[in-house]
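Feature list (source: TrEMBL):
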- B:56-248: domain 'ABC transmembrane type-1' (DOMAIN)
- B:12-35: transmembrane segment (TRANSMEM)
- B:55-79: transmembrane segment (TRANSMEM)
- B:91-113: transmembrane segment (TRANSMEM)
- B:128-147: transmembrane segment (TRANSMEM)
- B:180-203: transmembrane segment (TRANSMEM)
- B:227-248: transmembrane segment (TRANSMEM)
C-alpha cells in the first residue's frame with residue numbers, strides 16, 4: 001500500500017470516466033474555438049482567401065484605429081450605465097431601507113429581477129417603442145411643455161449611446177437591488193441598534209454598518225454588471241446596429257461587424273480575445289478591490 | 001425599532017422601482033393584446049407573418065436537447081469533481097470554470113468557421129453543441145458545489161452497503177439533489193431559449209432553422225415601426241420564460257447570482 005489511507009472503496013480513477021463526456025464537448029466547442037480564435041487573431045484574413053501573418057498587428061490596430069478606439073471608449077461609457085449607475089442607485093436605496101424588514105419581499109424581488117430573464121430581443125422591441133418619435137419619452141416631454149427636446153432618441157448622434165446605456169441600467173438595476181436586499185437582511189439588526197445608541201446618524205450608519213456588511217454583495221453585483229456591459233452585442237445589434245454612424249459601436253458589435261460585414265476576420269478575433277481578457281482582468285480585479293484581499 | 005415613516009419610505013422606494021421594472025414589459029403586453037379592447041388580431045397576424053410556429057418549434061427542440069445533454073454531462077462531471085479524489089481534479093475544475101468567463105463574442109467567429117468546415121453550419125446540432133459546451137461550464141460548477149455539500153455520511157453509508165459509485169449517484173445523490181438539478185435545468189433552458197448571437201451567426205441563412213429570438217429580429221427588420229405587431233412578436237418570444245420564472249423565481253435568482261461566487 002502506498003500513499004494516504006483512503007476510505008475503503010473510495011473511487012479514484014473512475015473519476016476520469018465521469019468527467020470525460022463533459023470534457024470532450026467542452027474542449028471541442030468552447031476551448032478549441034478560444035484557442036483557434038487566438039490563433040486567427042494573429043493573421044490578416046478575409047475569411048475566404050489565404051491569410052497572411054500579422055503578428056500582433058491586429059491588436060495594435062484595435063487600439064490605434066480611431067473607430068475601434070471609439071468603440072472601446074463607448075464600452076467604457078456603457079460601463080457607467082450598466083454597472084456603476086445601477087449599483088450606486090441600488091446601494092443607496094437599499095441602505096435607506098436597511099432598517100426595516102418589509103413584508104411582501106418575495107413579490108418585490110420577483111418583479112425587480114424580471115428584466116434579467118426576458119429575452120434581449122423583446123427588451124429591444126419594447127425600448128425602441130419607448131424611445132420612438134411618438135413613444136412615452138417624447139410624449140412625457142410634450143406633456144410637460146418641453147416639446148422642443150423631443151427627438152428619435154436612438155437615432156440621435158449625441159443621445160443614442162446614453163439612451164442605449166439607460167436600457168442597460170434598467171436591466172441591471174433589479175439584479176443589484178435583489179443582491180443588496182438579500183445581503184442587508186443578513187446584517188444583524190443589533191448592529192443598527194448599537195449604532196443608534198452610539199448616536200450615529202444615517203450617514204455614519206451607512207459607512208459603519210451597511211457598507212462593510214454588503215461588501216461581498218457589492219463585489220458580486222459589480223462583477224455581474226460589468227461583464228454584462230462588455231457582452232452587450234444583442235442590445236446594440238437589435239436597437240441601433242452601431243449607429244447612427246459609429247455612435248453606438250462597441251467591441252462586442254465590432255467582432256460581428258468586422259468578421260461578417262467588412263471581412264476582417266483576424267481583426268474580429270483579436271477584438272474578441274481582447275474582450276475576453278478584459279472580462280477576466282476586471283472580474284479578478286473587482287473581487288480583490290471590493291473584498292480588500294490581496 | 002423602525003418608525004412608521006421609514007417603513008413607508010421603504011415601500012415607496014420598492015414600489016417605484018417595481019413600476020420602473022414592469023412598465024416596458026406591461027406596455028408590450030398591453031399593445032400586443034390591443035388593450036383595453038382585448039383583441040388578438042395583432043397577435044394572430046404576427047404569429048402568421050412571423051412564422052413563429054416554426055421558430056418556436058426550433059427553439060423548443062434546441063432547448064430540450066441542450067438541457068438534457070448538458071445536464072447529464074454536468075451531473076456526471078460534477079459528481080466526480082465533487083466527491084472523488086483523483087490526480088488533476090482541481091485543475092479540471094478550474095478549466096471548466098474558465099468557460100464561465102469566456103464571452104460568446106470571443107469564440108463565435110472561429111466557431112463559425114469550425115462548424116462550417118465540419119458541415120454543421122445552418123444545422124440545429126451546430127447550434128446545440130456550442131451551447132451544450134457553455135452550459136456544461138456552468139453545470140459542472142453548480143453540480144460540483146451540490147455534491148460537495150451533500151452529507152458525506154450519505155455517500156459513505158451507500159458505499160458500506162456495497163453500492164458502486166454509479167449506484168450511489170443514481171439511487172442516492174440524484175434523488176436528494178433534485179432542487180439543485182432543477183435550478184441548473186431552468187437556467188440552462190433560459191439561457192438557451194434567449195440566446196441570440198450564436199443563432200444569428202450559425203443558423204441565420206437557413207430560414208427553416210431559425211430560433212424564436214432570431215425570428216423576432218428578422219421580423220423586426222421587416223416591420224420597423226409597426227409596434228403593435230412587433231410587441232405581439234416580443235410577447236410570443238418572452239412569455240414562455242417569464243411564465244416559468246414567475247412560478248420558480250427562487251431557483252432563477254439563486255442560480256444567476258451564484259455566477260460570480262468563487263471558491
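Cβ atoms are placed via backbone N, Cα and C, with glycine included.
Predicted, not measured: the structure shown is a model, and the values here were computed from it.
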Top Cβ-contact partner of the transmembrane segment (B:12-35) among B:55-79, B:91-113, B:128-147, B:180-203, B:227-248 (pairs under 8 Å): B:227-248
For the transmembrane segment (B:227-248), distant same-chain residues with Cβ under 8 A (at least six beyond the ends): 25, 27-29, 31-34, 42-43, 45-47, 49-50, 52, 56, 182, 186, 189-190, 193-194, 212-213, 215-216, 219-220
Among B:55-79, B:91-113, B:128-147, stretch most in contact with the transmembrane segment (B:180-203) (C-beta, under 8 angstroms): B:128-147
Chain residues in Cβ proximity to the transmembrane segment (B:55-79) (below 8 Å; excluding those fewer than six residues from its ends, i.e. six or more beyond): 96, 124, 127-128, 131-132, 135-136, 138-147, 165, 169, 173-174, 181, 184-185, 188-189, 192-193, 209-216, 236
